[in-house]
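Report on the structure given below.
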């Protein structure tokens, strides 16, 4: 398949199967006077061209393993993700911003008794994750191309997620862009409420100012206890972590547990 056809496949199949709106959110919220509401997103748009490897993996697995805006359109109550997307009940592990899927694929392969749901809006990254899952022989992972912040609020019932991972989120360095950082006080409150009692939220960043920002935001949530920890041993060395180390940045890991008393 030519490079041009790979690009067309990414766009056409992405629109059909991963379905999301260009912003990664189903539907458009309106202002009081009916104008489209400009919402702050925690990610930026990237290219959609597939490699041959990614295109093949997408063709083989996207229909069964990838869920986009079409899959959640019209939902008015929390979704039983385990039943609807995995076809079984198991502890649910959620990664936000899974990139090319190193952690999702590695963990799913090592823990076939859990369900792993990865949120990623970059379609080549989703396709790369499919290829990694296929190579690892793991069938217990699913991918969602809908905005994760929206999804946590609209799709998940309180107390439904066993573990949540936010590994190397976009740091949005410039001060005027800090409002786009995923880990902020409102998001922390929502995410904490979706964890089961005793559930864990793991985070990592290679930017010192974002590490301080994370610690400050997490400290505002009374149901979470935790803080800086040693590197999570089950996290593969991702390209973002390698880049940070190569550029001399220290990696900061955090782990928080939802307390039994709110």
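Cβ atoms are placed via backbone N, Cα and C, with glycine included.
Over in TrEMBL, the protein carries these features:
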- 1-32: region 'Disordered' (REGION)
- 95, 120, 147, 170: S-adenosyl-L-methionine binding site (BINDING)
- 174, 206, 238, 239, 240, 241: substrate binding site (BINDING)
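Overlay of TrEMBL annotations on the structure.
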| residue | record | Cβ within 10 Å |
| --- | --- | --- |
| 95 | S-adenosyl-L-methionine binding site | 26 |
| 120 | S-adenosyl-L-methionine binding site | 27 |
| 147 | S-adenosyl-L-methionine binding site | 24 |
| 170 | S-adenosyl-L-methionine binding site | 18 |
| 206 | substrate binding site | 20 |
| 238 | substrate binding site | 18 |
| 239 | substrate binding site | 12 |
| 240 | substrate binding site | 20 |
| 241 | substrate binding site | 20 |
Review point. Is residue 95 (S-adenosyl-L-methionine binding site) helix, strand or coil when read with DSSP?
Key: strand
Study note, to complete from the structure: Integer Å value for the Cα distance linking residue 241 (substrate binding site) with residue 147 (S-adenosyl-L-methionine binding site) is 23
Point to revise | residue 206 (substrate binding site) and residue 120 (S-adenosyl-L-methionine binding site), Cα-Cα, nearest whole angstrom | key: 20
Check your understanding: To the nearest whole angstrom, what is the C-alpha distance linking residue 95 (S-adenosyl-L-methionine binding site) and residue 206 (substrate binding site)?
Key -> 18
Exercise for review: Measure from the CA atom of residue 240 (substrate binding site) to the CA atom of residue 170 (S-adenosyl-L-methionine binding site) and give the result in Å, rounded to a whole number.
Suggested key: 10
Review point. At the level of the C-alpha atoms, what whole-angstrom distance separates residue 238 (substrate binding site) and residue 147 (S-adenosyl-L-methionine binding site)?
Key: 22
